[in-house]
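Below is one structure, written out as C-alpha coordinates; comments come after it.
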Amino acid sequence: MAKHLFTSESVTEGHPDKVADQISDAILDSILSKDPLARVACETLVTTGLVLISGEITCKCYVDIPNIVRETVRDIGYTRAKYGFDCDTCAVLTSIDEQSPDIAMGVDEALEAREGLDDLFSRVGAGDQGIMVGYATDETPTLMPMPIYLAHRLARRLASVRKNGTLPYLRPDGKTQVTVQYDNGRPVKVDTVVISAQHHPAVDLGTIRADLIEKVVEPIIPVGLITNSTRYLINPTGRFVIGGPQADTGLTGRKIVVDTYGGMARHGGGAFSGKDPTKVDRSASYAARYVAKNIVAAGLASRCEVHVAYAIGVAKPVALRVDTFGTGLINEERLEKLVLEHFDLRPAAIIHHLDLRRPIYRQVAAYGHFGRGDLNLPWERIDKAEELRAAGTGG
(Lines of atoms letter the chains of each structure in order from A and count residues from 1; the text may use other names and numbers.)
(Lines give C-alpha, C1' and ligand atoms only; values in the text may rest on other atoms or scores of the structure.)
Protein backbone atom coordinates (compact mmCIF):
# COMPACT_ATOMS: atom_id res chain seq x y z
CA MET A 1 0.00 0.00 0.00
CA ALA A 2 1.36 3.43 -0.93
CA LYS A 3 1.95 6.15 1.62
CA HIS A 4 -1.07 8.34 2.22
CA LEU A 5 -2.34 11.05 4.55
CA PHE A 6 -5.48 10.87 6.67
CA THR A 7 -6.98 13.73 8.67
CA SER A 8 -9.48 13.84 11.53
CA GLU A 9 -10.78 16.72 13.62
CA SER A 10 -12.17 17.19 17.10
CA VAL A 11 -13.72 20.13 18.93
CA THR A 12 -13.73 21.29 22.53
CA GLU A 13 -16.72 21.19 24.84
CA GLY A 14 -17.20 24.92 24.17
CA HIS A 15 -17.81 24.47 20.45
CA PRO A 16 -21.45 25.48 19.83
CA ASP A 17 -22.50 22.13 18.36
CA LYS A 18 -20.94 20.37 21.34
CA VAL A 19 -22.67 22.75 23.73
CA ALA A 20 -25.93 21.61 22.14
CA ASP A 21 -24.98 17.93 22.40
CA GLN A 22 -24.05 18.26 26.05
CA ILE A 23 -27.28 20.05 26.92
CA SER A 24 -29.34 17.36 25.16
CA ASP A 25 -27.50 14.58 26.97
CA ALA A 26 -27.63 16.37 30.33
CA ILE A 27 -31.42 16.54 29.98
CA LEU A 28 -31.50 12.87 28.95
CA ASP A 29 -29.38 11.86 31.96
CA SER A 30 -31.58 13.81 34.36
CA ILE A 31 -34.69 12.09 33.02
CA LEU A 32 -33.14 8.60 33.03
CA SER A 33 -32.00 9.07 36.63
CA LYS A 34 -35.66 9.38 37.61
CA ASP A 35 -37.38 7.27 34.93
CA PRO A 36 -35.09 4.68 33.30
CA LEU A 37 -37.86 3.65 30.88
CA ALA A 38 -38.43 7.16 29.54
CA ARG A 39 -38.49 7.82 25.81
CA VAL A 40 -36.36 10.83 24.98
CA ALA A 41 -35.47 12.57 21.73
CA CYS A 42 -34.15 15.94 22.87
CA GLU A 43 -32.81 18.49 20.38
CA THR A 44 -31.01 21.70 21.30
CA LEU A 45 -30.24 24.90 19.41
CA VAL A 46 -27.85 27.47 20.85
CA THR A 47 -27.22 30.93 19.45
CA THR A 48 -26.40 34.39 20.77
CA GLY A 49 -28.17 34.72 24.12
CA LEU A 50 -30.62 31.89 23.44
CA VAL A 51 -31.07 28.15 24.02
CA LEU A 52 -34.04 26.39 22.42
CA ILE A 53 -34.97 22.89 23.59
CA SER A 54 -37.31 20.87 21.40
CA GLY A 55 -38.15 17.25 20.75
CA GLU A 56 -40.33 14.40 21.91
CA ILE A 57 -40.20 13.20 25.52
CA THR A 58 -42.47 10.69 27.24
CA CYS A 59 -41.65 10.14 30.92
CA LYS A 60 -43.13 9.83 34.40
CA CYS A 61 -41.03 12.48 36.07
CA TYR A 62 -40.31 16.19 36.15
CA VAL A 63 -36.94 17.74 35.42
CA ASP A 64 -36.05 21.41 35.57
CA ILE A 65 -34.89 21.95 32.00
CA PRO A 66 -33.87 25.63 32.32
CA ASN A 67 -31.72 24.82 35.36
CA ILE A 68 -30.12 21.83 33.60
CA VAL A 69 -29.31 24.07 30.64
CA ARG A 70 -27.75 26.79 32.78
CA GLU A 71 -25.66 24.39 34.87
CA THR A 72 -24.39 22.61 31.76
CA VAL A 73 -23.40 25.88 30.12
CA ARG A 74 -21.78 27.00 33.39
CA ASP A 75 -19.73 23.80 33.60
CA ILE A 76 -18.53 24.26 30.02
CA GLY A 77 -17.28 27.72 30.90
CA TYR A 78 -19.62 30.29 29.36
CA THR A 79 -19.96 32.30 32.56
CA ARG A 80 -19.40 35.88 31.41
CA ALA A 81 -21.32 38.09 29.02
CA LYS A 82 -18.11 39.16 27.28
CA TYR A 83 -17.75 35.57 26.01
CA GLY A 84 -20.87 36.26 23.93
CA PHE A 85 -22.87 33.63 25.81
CA ASP A 86 -23.64 33.58 29.52
CA CYS A 87 -25.20 30.76 31.53
CA ASP A 88 -27.00 33.17 33.86
CA THR A 89 -28.49 35.56 31.31
CA CYS A 90 -29.22 33.43 28.23
CA ALA A 91 -32.89 32.83 27.47
CA VAL A 92 -34.09 29.21 27.62
CA LEU A 93 -37.14 28.28 25.55
CA THR A 94 -38.77 24.85 25.41
CA SER A 95 -41.11 23.23 22.90
CA ILE A 96 -41.58 19.56 23.77
CA ASP A 97 -44.16 16.99 22.69
CA GLU A 98 -44.66 13.34 23.62
CA GLN A 99 -43.34 10.52 21.45
CA SER A 100 -45.59 9.77 18.49
CA PRO A 101 -47.94 6.88 19.35
CA ASP A 102 -47.29 5.42 15.91
CA ILE A 103 -43.60 5.12 16.76
CA ALA A 104 -44.23 4.05 20.35
CA MET A 105 -46.39 1.09 19.34
CA GLY A 106 -43.54 -0.45 17.35
CA VAL A 107 -41.09 -0.02 20.22
CA ASP A 108 -43.54 -1.21 22.89
CA GLU A 109 -44.40 -4.37 20.95
CA ALA A 110 -42.06 -5.57 18.24
CA LEU A 111 -43.21 -7.35 15.10
CA GLU A 112 -41.89 -10.62 16.52
CA ALA A 113 -44.04 -10.24 19.65
CA ARG A 114 -47.10 -9.41 17.58
CA GLU A 115 -46.47 -12.59 15.61
CA GLY A 116 -46.49 -14.64 18.80
CA LEU A 117 -42.79 -15.02 19.65
CA ASP A 118 -42.59 -15.18 23.44
CA ASP A 119 -39.07 -13.98 24.16
CA LEU A 120 -38.10 -11.16 26.52
CA PHE A 121 -35.71 -9.56 24.04
CA SER A 122 -38.13 -9.87 21.13
CA ARG A 123 -40.72 -7.66 22.78
CA VAL A 124 -38.98 -4.34 22.06
CA GLY A 125 -38.75 -3.18 18.47
CA ALA A 126 -36.16 -0.84 17.01
CA GLY A 127 -37.17 2.80 17.38
CA ASP A 128 -36.33 3.52 13.73
CA GLN A 129 -34.88 2.02 10.61
CA GLY A 130 -31.25 2.68 9.80
CA ILE A 131 -27.69 1.53 9.41
CA MET A 132 -25.31 1.60 12.36
CA VAL A 133 -21.55 1.18 12.11
CA GLY A 134 -18.88 0.16 14.60
CA TYR A 135 -15.14 0.21 14.00
CA ALA A 136 -11.90 -0.75 15.70
CA THR A 137 -8.23 -0.82 14.72
CA ASP A 138 -5.12 -1.95 16.56
CA GLU A 139 -3.12 1.20 15.79
CA THR A 140 -3.74 2.85 19.20
CA PRO A 141 -4.13 1.55 22.79
CA THR A 142 -7.86 2.31 22.73
CA LEU A 143 -8.31 0.52 19.38
CA MET A 144 -9.24 3.79 17.69
CA PRO A 145 -7.77 5.35 14.52
CA MET A 146 -4.68 7.43 15.25
CA PRO A 147 -5.92 10.73 13.73
CA ILE A 148 -9.11 10.96 15.81
CA TYR A 149 -7.32 9.54 18.86
CA LEU A 150 -4.81 12.39 18.76
CA ALA A 151 -7.36 15.06 17.79
CA HIS A 152 -9.57 14.20 20.78
CA ARG A 153 -6.62 14.19 23.17
CA LEU A 154 -5.53 17.61 21.91
CA ALA A 155 -9.06 18.99 22.30
CA ARG A 156 -9.34 17.69 25.86
CA ARG A 157 -5.92 19.12 26.68
CA LEU A 158 -6.92 22.48 25.21
CA ALA A 159 -9.95 22.58 27.52
CA SER A 160 -7.89 21.38 30.47
CA VAL A 161 -5.26 24.14 30.28
CA ARG A 162 -8.09 26.67 30.07
CA LYS A 163 -10.00 25.28 33.04
CA ASN A 164 -7.02 24.68 35.34
CA GLY A 165 -5.65 28.17 34.75
CA THR A 166 -2.47 27.14 32.92
CA LEU A 167 -3.50 29.38 30.01
CA PRO A 168 -6.08 31.72 31.57
CA TYR A 169 -6.52 33.79 28.42
CA LEU A 170 -8.20 30.90 26.59
CA ARG A 171 -11.97 30.85 26.16
CA PRO A 172 -14.27 27.85 25.73
CA ASP A 173 -14.50 27.43 21.95
CA GLY A 174 -11.83 25.51 20.11
CA LYS A 175 -11.03 22.97 17.41
CA THR A 176 -8.20 20.57 16.72
CA GLN A 177 -7.19 18.64 13.62
CA VAL A 178 -4.46 16.08 13.02
CA THR A 179 -3.11 14.78 9.70
CA VAL A 180 -1.28 11.47 10.01
CA GLN A 181 0.90 9.84 7.36
CA TYR A 182 0.34 6.12 6.87
CA ASP A 183 2.79 3.68 5.31
CA ASN A 184 1.50 0.21 4.42
CA GLY A 185 -1.58 0.88 6.51
CA ARG A 186 0.28 1.87 9.68
CA PRO A 187 0.64 5.40 11.12
CA VAL A 188 4.26 6.53 10.89
CA LYS A 189 4.26 10.29 11.53
CA VAL A 190 2.15 13.35 12.22
CA ASP A 191 2.21 15.57 9.16
CA THR A 192 0.13 18.55 10.34
CA VAL A 193 -1.46 19.75 13.57
CA VAL A 194 -4.14 22.45 13.43
CA ILE A 195 -5.45 24.14 16.57
CA SER A 196 -7.93 27.00 16.66
CA ALA A 197 -8.40 28.32 20.19
CA GLN A 198 -10.71 31.13 21.27
CA HIS A 199 -8.78 33.71 23.29
CA HIS A 200 -8.79 37.05 25.08
CA PRO A 201 -8.41 39.92 22.59
CA ALA A 202 -5.26 41.30 24.24
CA VAL A 203 -3.12 38.19 23.69
CA ASP A 204 -0.91 38.17 20.60
CA LEU A 205 -0.66 35.28 18.15
CA GLY A 206 3.01 34.62 18.90
CA THR A 207 2.25 34.00 22.56
CA ILE A 208 -0.70 31.77 21.72
CA ARG A 209 1.33 29.75 19.23
CA ALA A 210 4.25 29.20 21.60
CA ASP A 211 2.00 28.33 24.53
CA LEU A 212 -0.18 25.87 22.63
CA ILE A 213 2.77 24.03 21.15
CA GLU A 214 4.45 23.77 24.57
CA LYS A 215 1.40 23.22 26.80
CA VAL A 216 -0.98 21.35 24.48
CA VAL A 217 0.80 19.71 21.55
CA GLU A 218 4.04 18.51 23.10
CA PRO A 219 2.42 16.68 26.06
CA ILE A 220 0.03 14.85 23.72
CA ILE A 221 1.69 13.98 20.41
CA PRO A 222 4.18 11.10 20.84
CA VAL A 223 7.74 12.18 20.12
CA GLY A 224 8.16 9.27 17.73
CA LEU A 225 5.46 10.68 15.47
CA ILE A 226 6.93 14.20 15.27
CA THR A 227 9.49 15.02 12.58
CA ASN A 228 11.29 18.15 11.42
CA SER A 229 8.67 18.48 8.68
CA THR A 230 5.66 18.37 11.01
CA ARG A 231 3.63 21.57 10.54
CA TYR A 232 1.84 23.46 13.31
CA LEU A 233 -1.01 25.73 12.23
CA ILE A 234 -2.11 27.59 15.35
CA ASN A 235 -5.05 29.99 14.93
CA PRO A 236 -4.25 30.25 11.22
CA THR A 237 -6.72 33.12 10.65
CA GLY A 238 -4.64 35.20 13.07
CA ARG A 239 -7.45 35.96 15.51
CA PHE A 240 -10.18 33.96 17.29
CA VAL A 241 -11.86 36.23 19.83
CA ILE A 242 -15.53 35.90 18.86
CA GLY A 243 -16.53 32.28 19.30
CA GLY A 244 -19.07 29.88 20.73
CA PRO A 245 -22.78 30.38 20.09
CA GLN A 246 -22.19 34.08 19.37
CA ALA A 247 -20.13 33.18 16.31
CA ASP A 248 -21.95 30.06 15.13
CA THR A 249 -25.34 28.57 15.88
CA GLY A 250 -24.96 25.17 17.50
CA LEU A 251 -27.26 22.20 16.95
CA THR A 252 -27.50 18.74 18.45
CA GLY A 253 -26.16 16.03 16.17
CA ARG A 254 -23.96 18.17 13.95
CA LYS A 255 -20.66 16.50 14.91
CA ILE A 256 -21.37 12.86 14.09
CA VAL A 257 -17.95 12.20 12.58
CA VAL A 258 -16.20 13.78 15.57
CA ASP A 259 -18.39 11.61 17.81
CA THR A 260 -17.32 8.41 16.07
CA TYR A 261 -14.16 7.55 14.12
CA GLY A 262 -13.04 10.78 12.51
CA GLY A 263 -14.04 9.67 9.02
CA MET A 264 -11.98 6.47 9.08
CA ALA A 265 -15.14 4.35 9.12
CA ARG A 266 -18.43 4.67 7.32
CA HIS A 267 -21.40 6.27 9.08
CA GLY A 268 -25.08 5.47 8.88
CA GLY A 269 -26.01 9.14 9.45
CA GLY A 270 -27.76 8.95 12.80
CA ALA A 271 -26.65 11.16 15.68
CA PHE A 272 -26.38 10.06 19.31
CA SER A 273 -26.97 12.87 21.77
CA GLY A 274 -30.36 13.43 23.36
CA LYS A 275 -31.61 9.94 22.47
CA ASP A 276 -32.62 7.23 24.93
CA PRO A 277 -31.31 3.71 24.22
CA THR A 278 -34.44 2.48 22.42
CA LYS A 279 -33.14 4.65 19.58
CA VAL A 280 -30.87 2.27 17.67
CA ASP A 281 -29.02 5.26 16.21
CA ARG A 282 -27.35 5.30 19.60
CA SER A 283 -27.59 1.86 21.20
CA ALA A 284 -26.84 -0.18 18.09
CA SER A 285 -23.89 2.05 17.21
CA TYR A 286 -22.50 1.38 20.67
CA ALA A 287 -23.12 -2.34 20.20
CA ALA A 288 -21.43 -2.32 16.80
CA ARG A 289 -18.34 -0.70 18.35
CA TYR A 290 -18.44 -3.35 21.10
CA VAL A 291 -18.47 -6.12 18.50
CA ALA A 292 -15.72 -4.60 16.35
CA LYS A 293 -13.50 -3.87 19.34
CA ASN A 294 -13.79 -7.42 20.65
CA ILE A 295 -12.95 -8.86 17.23
CA VAL A 296 -9.77 -6.76 17.05
CA ALA A 297 -8.90 -7.42 20.71
CA ALA A 298 -9.27 -11.14 19.99
CA GLY A 299 -6.62 -10.86 17.29
CA LEU A 300 -9.05 -11.96 14.60
CA ALA A 301 -8.40 -8.79 12.57
CA SER A 302 -6.23 -5.67 12.69
CA ARG A 303 -9.09 -3.51 11.43
CA CYS A 304 -12.78 -4.28 11.66
CA GLU A 305 -15.94 -2.47 10.60
CA VAL A 306 -19.33 -3.84 11.62
CA HIS A 307 -22.57 -2.79 9.91
CA VAL A 308 -25.96 -3.53 11.49
CA ALA A 309 -29.27 -2.55 9.87
CA TYR A 310 -32.72 -2.35 11.47
CA ALA A 311 -36.37 -1.87 10.53
CA ILE A 312 -38.64 0.22 12.74
CA GLY A 313 -40.74 -1.91 15.04
CA VAL A 314 -38.70 -5.07 14.40
CA ALA A 315 -36.37 -6.50 17.04
CA LYS A 316 -34.03 -8.63 14.98
CA PRO A 317 -31.56 -6.77 12.74
CA VAL A 318 -32.38 -7.09 9.06
CA ALA A 319 -28.70 -7.30 8.06
CA LEU A 320 -25.21 -7.73 9.45
CA ARG A 321 -21.90 -7.19 7.68
CA VAL A 322 -18.31 -7.49 8.88
CA ASP A 323 -15.44 -5.96 6.87
CA THR A 324 -11.82 -6.53 7.93
CA PHE A 325 -10.22 -4.81 4.93
CA GLY A 326 -8.05 -7.81 4.21
CA THR A 327 -6.63 -7.99 7.75
CA GLY A 328 -8.78 -10.87 9.02
CA LEU A 329 -7.31 -14.04 10.48
CA ILE A 330 -10.43 -15.84 9.28
CA ASN A 331 -12.83 -14.97 6.48
CA GLU A 332 -15.60 -12.44 6.97
CA GLU A 333 -18.42 -14.94 6.46
CA ARG A 334 -17.07 -16.92 9.41
CA LEU A 335 -16.72 -13.73 11.45
CA GLU A 336 -20.34 -12.82 10.77
CA LYS A 337 -21.43 -16.23 12.04
CA LEU A 338 -19.33 -15.74 15.16
CA VAL A 339 -20.94 -12.36 15.77
CA LEU A 340 -24.43 -13.85 15.51
CA GLU A 341 -23.42 -16.66 17.87
CA HIS A 342 -21.81 -14.46 20.53
CA PHE A 343 -23.69 -11.14 20.39
CA ASP A 344 -27.43 -10.51 20.61
CA LEU A 345 -28.06 -7.35 18.59
CA ARG A 346 -31.77 -6.96 19.27
CA PRO A 347 -32.38 -3.56 20.91
CA ALA A 348 -33.66 -4.94 24.23
CA ALA A 349 -30.71 -7.32 24.43
CA ILE A 350 -28.25 -4.50 23.73
CA ILE A 351 -29.88 -2.31 26.38
CA HIS A 352 -29.77 -5.17 28.90
CA HIS A 353 -26.23 -6.39 28.20
CA LEU A 354 -24.67 -2.92 28.09
CA ASP A 355 -26.92 -1.59 30.89
CA LEU A 356 -27.90 1.49 28.91
CA ARG A 357 -30.89 2.75 30.91
CA ARG A 358 -28.58 4.80 33.12
CA PRO A 359 -27.53 8.46 33.20
CA ILE A 360 -24.16 7.89 31.50
CA TYR A 361 -24.48 10.01 28.38
CA ARG A 362 -23.46 13.59 29.22
CA GLN A 363 -19.90 12.39 29.83
CA VAL A 364 -19.52 11.20 26.23
CA ALA A 365 -21.22 14.20 24.61
CA ALA A 366 -17.80 15.80 24.07
CA TYR A 367 -14.44 14.27 23.07
CA GLY A 368 -15.90 11.17 21.48
CA HIS A 369 -18.22 8.31 22.36
CA PHE A 370 -15.59 5.66 21.65
CA GLY A 371 -12.05 4.92 22.76
CA ARG A 372 -12.56 6.78 26.04
CA GLY A 373 -9.83 5.37 28.24
CA ASP A 374 -10.75 7.96 30.87
CA LEU A 375 -14.22 6.46 31.33
CA ASN A 376 -15.60 3.03 32.21
CA LEU A 377 -17.99 2.60 29.29
CA PRO A 378 -19.73 -0.76 28.82
CA TRP A 379 -19.38 -0.74 25.03
CA GLU A 380 -15.62 -0.36 25.42
CA ARG A 381 -15.23 -3.64 27.29
CA ILE A 382 -13.33 -6.48 25.62
CA ASP A 383 -14.91 -9.22 27.72
CA LYS A 384 -15.87 -11.26 24.64
CA ALA A 385 -12.37 -11.31 23.15
CA GLU A 386 -11.19 -14.59 24.66
CA GLU A 387 -14.26 -16.57 23.66
CA LEU A 388 -14.15 -15.07 20.16
CA ARG A 389 -10.48 -15.99 19.84
CA ALA A 390 -11.16 -19.54 20.97
CA ALA A 391 -14.14 -19.93 18.66
CA GLY A 392 -12.37 -18.32 15.72
CA THR A 393 -9.09 -20.21 15.96
CA GLY A 394 -10.35 -23.47 17.39
CA GLY A 395 -8.09 -23.00 20.39
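Glycine is no exception: its Cβ is also placed from the backbone N, Cα and C atoms.
Segment annotation: Swiss-Prot labels region 'Flexible loop' over residues 99-109 (candidates 99-109, 121-131, 253-263, 352-362). Ranked by CA distance from LYS255 (ATP binding site), the binding-site residues ASP17, GLU56, GLN99 have ASP17 at the top as the closest.
LYS255 (ATP binding site) counts 25 other C-beta atoms within 10 Å of its own C-beta, drawing on all protein chains shown. A straight line from the CA of HIS15 (ATP binding site) to the CA of GLU43 (K(+) binding site) spans 16 Å. In terms of Cα spacing, the binding-site residues ASP17, GLU56, ARG239, ASP248, LYS275, LYS279 that come within 10 Å of GLU43 (K(+) binding site) are GLU56, LYS275. For the binding-site residues shown (HIS15, LYS275, LYS279), fewest C-beta neighbours within 10 angstroms: LYS279. Each residue contributes its Cα atom, and for GLU56 (L-methionine binding site) and ASP17 (Mg(2+) binding site) those atoms are 20 Å apart.
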